[in-house]
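A quick write-up on the structure given underneath.
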Ligand SMILES: CC(=O)[C@@H](O)[C@H](O)COP(=O)(O)O
């Protein structure tokens, strides 16, 4: 059976979602995006000049017809702001999917759980396909599901920190309880972090800084793609349980003759 990522009415073959910011130049961005084989690209609506669709912008090097755009509400500090930004994106015909991001604090850029829940609920009611960036809090993840979001995006660690997965236990709880896709978003530092997230059973990974600011962004984009694929296959294959003691790899009993 085909292994596809389903988010609302959308289906994707790639489980790596990519952010488009922070690249040194547009040529590198475009090459990294191509090599990553990502189908979903996210970008901050606030960075676009919505009044002037012909103005130069950071997406201009990309053939946007090839991708599903996931505008995000980065820069919103309240539910009202996030809802306003999402409506602007929809009115500009960018997409009906929205990544809800309501930040609670400038230093950590961690999500404001109350504003995040409120904005998500309102945008679901308005008919958006809502993917919510959230704390790695299993209870909040449950509440978001109850509110009807289409995907939960728990942070691995603070945005841009590259610290990787800080709370594996919480992530496991979120994944166990989820009836919608779980996409680990933010804080990924290396391919190993991607593989780990996928092996834990995440449905996808969204990242930006680790590729855009790598020494060789295009090479890193490829590494991230392969890590997501490897982690997914590892999850589907079912890892062996960890044991306390050794067991010989070439046992004498029960050998195939
Ligand atoms: C681009 C975007 O949406 C970021 O806010 C996202 O959370 C990625 O975080 P990293 O840059 O840490 O990968």
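Each residue, glycine too, has its Cβ placed from N, Cα and C.
Same-site candidate for 1-deoxy-D-xylulose 5-phosphate binding, as annotated by TrEMBL with 186, 187, 208, 209, chosen from 148, 160, 234, 238: 160. Sitting within 8 Å of the Cβ centre of 160, 186, 187, 208, 209, and not among those site residues for 1-deoxy-D-xylulose 5-phosphate, are the Cβ atoms of 19, 158, 159, 161, 162, 188, 207, 210. Taking the Cβ of residue 186 (1-deoxy-D-xylulose 5-phosphate binding site) as reference, residues of its chain lying under 8 Å away and at least six apart in sequence are, in sequence order, 133, 153, 155, 156, 157, 158, 159, 160, 206, 207. Cβ neighbours of residue 208 (1-deoxy-D-xylulose 5-phosphate binding site) (same chain, under 8 Å, six or more residues apart in sequence): 18, 19, 20, 21, 22, 42, 160. Per-residue confidence over the domain 'Thiazole synthase ThiG' (7-251) averages 93 (mean pLDDT, predicted model).
Here the CA atom of residue 99 (active site, schiff-base intermediate with DXP) lies 16 Å from the CA atom of residue 187 (1-deoxy-D-xylulose 5-phosphate binding site).
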